[in-house]
Each structure stands twice: as C-alpha cells, then as structure tokens.
Amino acid sequence: MLAACLESLGLALCLTGSLLVMIACGLPMWKVTAFIDSNIVVAQTIWDGLWMSCVVQSTGQMQCKVHDSVLALSQDLQTARALTVISAVLGVVALTVTVAGAQCTNCIKDETVKGRVVNAGGVIYIFSGLFVLVPLCWMANNIIVNFHDPQVPPSKKREIGAAIYIGWAATALLLLGGTLLCCSFSQVVRGSYPIKYAPTKTLSVNGDFDKKHYV
C-alpha cells in the first residue's frame, strides 16, 4: 500500500514537473528588461526567450520575432535549447516507463520486474531534472554577471524572467518525484519479508485429520 502511494505521488510530481519544463521551454520570458533608471515611465519591455524575442509596448501591444539563425545565438541560448528539449523528451520517456511498471497497470506481471521498471523511470526523471537545471543556472548566472557589469549599458541589462523560476520549480518537482519513485522500489517500503501462510490440514479417507500433522 505504501509503495503504491509513493508511486502515485512521485508520478504526479514528475508529471507536473515535465509539464512545467515544456511551459518554460516555450515561454519567451527567460530574460526581461531591467528597470534601473530613475524614470518610471517605460515605453516598452523586452522579453528574450529560447525561441523568440518579444517587445511589449506600454499600450499593451506585443510583437514577437522568432530567432532567425541558430548559429547567431549566444552559446548559453544554444545550450539551453538543446538541454531543455532533451529534458522534455526524457520526461515523456520516463512517463511511459513508469506507467508500464506501475502497480495499477498489468503491462508487466512479475512484481520484481515492475519495481525495477518503476525505479528506472524514477532515474530517468532525475536525469530530466538535472538536464534542465544546467541551462537554468547558466542563464541565471550570465544575467546576474551582466547586470553587475559596469561596462554593460543600462538598456542592455536584463533580469531573471518568469520562465527561469518556472524551470527551477520544475526541477525541484522532477528531482523529488524521481526520488520517491526510486524509494518505492526499496525493500523497506515493499516489505523485506514475504508473507508465509501455514499449510492447511488435510482430511484422511475416513474423515479424520491426517495423523502426520500431529507427529
């Protein structure tokens, strides 16, 4: 019962984390304009994402432009694209593997094999979280370094956008959910000792209990 609860909770956390990874991958708010000037009247806000850049006017109008060339992007953006997509793909693979070995499904009959499959799904989810954590931390570090660099003009300074925070939340969910899936395979959760039942007493031909049970 405890193993099934851990599997359900871990799968729910990992599934939510994978969805957040896909959302963070598509959002253009990885880098946003930093308002550090004394003038509070701002005409436009710039969003920089993995796939496009958007300009939001003070009137509420928004214009987005997809990045034309991949090679023209900075190294951190290229790496973030690749690792985030890999993380999303691993999330889909891990979901398939975990569902195949879950106790609520009959894809695999052997309980030992089912536990190992769920454990493999948890490990894949953990790798998915680590894959998306690398570009998030790299991008956040570059944003902070450029923000404090006096040689960068104020118009070029950026702040950490909502997509990075969503990605960090997704990483936490993936790592926690993957750990729960791995823990559900442990002998402590599933029971170290199998249940053994005493043999039933048999009746002899004349209706009495077999005497060999009393020897």
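Just so it is clear, glycine is given a Cβ too, placed from its N, Cα and C backbone atoms.
Note: TrEMBL annotation is automatic and uncurated.
Taken verbatim from TrEMBL:
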TRANSMEM  9-30  transmembrane segment
TRANSMEM  82-102  transmembrane segment
TRANSMEM  123-145  transmembrane segment
TRANSMEM  165-186  transmembrane segment
Range from 9-30, 82-102, 165-186 with the greatest count of C-beta pairs under 8 A to the transmembrane segment (123-145): 165-186
Cβ-Cβ under 8 Å with the transmembrane segment (165-186): same-chain residues at least 6 beyond its ends: 3, 6-7, 9-21, 23-24, 27, 84, 91, 94, 98, 115-116, 118-119, 121-126, 128-130, 132-133, 136
